[in-house]
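The structure appears right after this line, and notes come after that.
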Amino acid sequence: MARSFSLLMVVLVLSYKSICSLGCDLPQTHSLRNRRALILLAQMGRISPFSCLKDRHEFRFPEEEFDGHQFQKTQAISVLHEMIQQTFNLFSTEDSSAAWEQSLLEKFSTELYQQLNDLEACVIQEVGVEETPLMNEDFILAVRKYFQRITLYLMEKKYSPCAWEVVRAEIMRSFSFSTNLKKGLRRKD
């Protein structure tokens with residue numbers, strides 16, 4: 001689980017690193033939205049993660065798809081957009097609404113939605129600049145399959161509170177790690 005999670009983080013960091021150097025202009029609030037989403041996700045925890053250790057799961061992020069790959073700008077934007085879109089979809093379900101405190105869930109969803117809008121503006125600006133559609137589709141498909149495994153896990157566990165806690169922790173680690181590394185990358189520039 002740690003190795004696949006590390007690879008997920010590398011993908012997110014590479015995506016954010018590429019996005020920081022894009023010709024498109026993400027609003028300065030984009031990083032702030034990412035941090036706020038992380039804080040909200042942390043606040044959403046209702047039960048102790050220690051009580052859910054038996055429910056831990058290996059979601060198998062597709063290492064072979066991303067290992068050692070240099071992302072083009074458009075690919076980085078698309079992968080990051082897909083990751084946020086899938087997270088938004090996951091937390092926008094009726095089952096998710098039942099699992100979390102409603103006001104925190106709404107705020108979290110709003111932050112994700114605003115990040116998606118920021119990234120969509122970049123996608124529109126970058127389309128045609130460096131398009132590699134087939135390779136891009138492979139990355140997006142890999143992300144979708146990863147989130148499909150998360151969804152299947154939740155269904156198998158009947159959307160139990162512990163299953164949602166495991167998923168929340170998985171998503172939270174990815175947000176946290178990408179935020180910390182983005183800060184480090186900015187210091188190097």
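Glycine is treated like the rest: Cβ placed from N, Cα and C.
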Do you know which of C24, C52 Swiss-Prot records in a disulfide with C162?
C52
Which number gives the other C-beta atoms within 10 angstroms of the C-beta of C52 (disulfide bond), all protein chains shown included?
18
Cα distance (Å, whole number) from C162 (disulfide bond) to C122 (disulfide bond):
37
For the disulfide-bonded residues listed here, C122, C162, which shows the highest count of neighbouring CB atoms within 10 A?
C122
